[in-house]
Amino acid sequence: MAPVIFLAQLIAFICANAERFRYQPSTLFGRRWSNYARLYLRHFNELQHEFETRLKQAYIPASRYLDSFISRPLTVVAETGAFIFGGASVAFLVAGLIREQIMHLSGYLAILVGGGLLARACLSLIPDENMVYCPRSLLVSTLMRIHYMPDHWKEQAGTYQVRSEFSQLFQYRVVGLLEELFSPIITPLILIFILPNHTLEIVDFLRNYTVEVPGVGDVCSFAQLDIRRHGDPMWQPNAESGSDDQSETDNDDHTKEIHSYLKKT
């Protein structure tokens, strides 16, 4: 089934991105939140529209943070590529206007379109020379919105290690598109060669996080929204000594109320 699914995915990919390839090729080198980030950065039982709002608020500072790491060799290559491809496209366009026979040559239109797309792609890699970046403030502004701050990131915002780790959350759009395109091929390989090595971990997860709810059956314990069990210890309320004697139902209701209060604050 993988070849059939890949063919269908390829057709869907072309139909969904043909307009972008033609008119906005530079957006392919823009960034978007990866699927891993959308899974990892989401709060416990957070509503979808609230989560999307947080990611949208963090988009601009996240983009500026990664753009603050300027690679001089890459900038030189991008400037050279923009000059060559852009100049070639203009030269062929002018030559076609002067001599109409050139416009009828095979590949004339492909050279114009391809050269223009490559030139615009190169221009997107050239940083703004008048922009002054402060990696630390940009990263802090981003982390305040995505609510994610590993300890080793503190005071290390300007290092390439932090940039590399953050880029896993905020990846190039073209990388995400390629992942979607080749997922019918990659997924079977993962299921065949990688997943069998983690079967014990999967079984342990099912054993440790499966609870029986009367009238419902076996469910994942995360579905109970039990913050006392699964929440961050730093956000736990101060429990009284007698709170351990509360019933399971009262405890669940209490944790849900706390979670609702924390989201409002």
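Residue numbering: from 1, along the chain as shown.
Quick reminder: no glycine exception, Cβ is built from N, Cα and C everywhere.
Residues or ranges marked as compositional bias 'Acidic residues' by TrEMBL: 242-251.
The compositional bias 'Basic and acidic residues' annotation in TrEMBL covers 252-265.
Under the heading region 'Disordered', TrEMBL lists 233-265.
Marked as signal peptide by TrEMBL: 1-18.
Through the fold, the transmembrane segment (76-98) approaches residues 108, 111-112, 115-116, 118-119, 122-123, 125-126 of its own chain, all at least 6 residues removed from its boundaries and within a Cβ separation under 8 Å. Annotation comment: TrEMBL describes 76-98 (among others) as transmembrane segment.
Look at TrEMBL and you will find 105-126 (among others) tagged as transmembrane segment.
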Cβ contacts under 8 Å made by the signal peptide (1-18) with residues that lie 6+ beyond its boundaries: 177, 180-185, 188
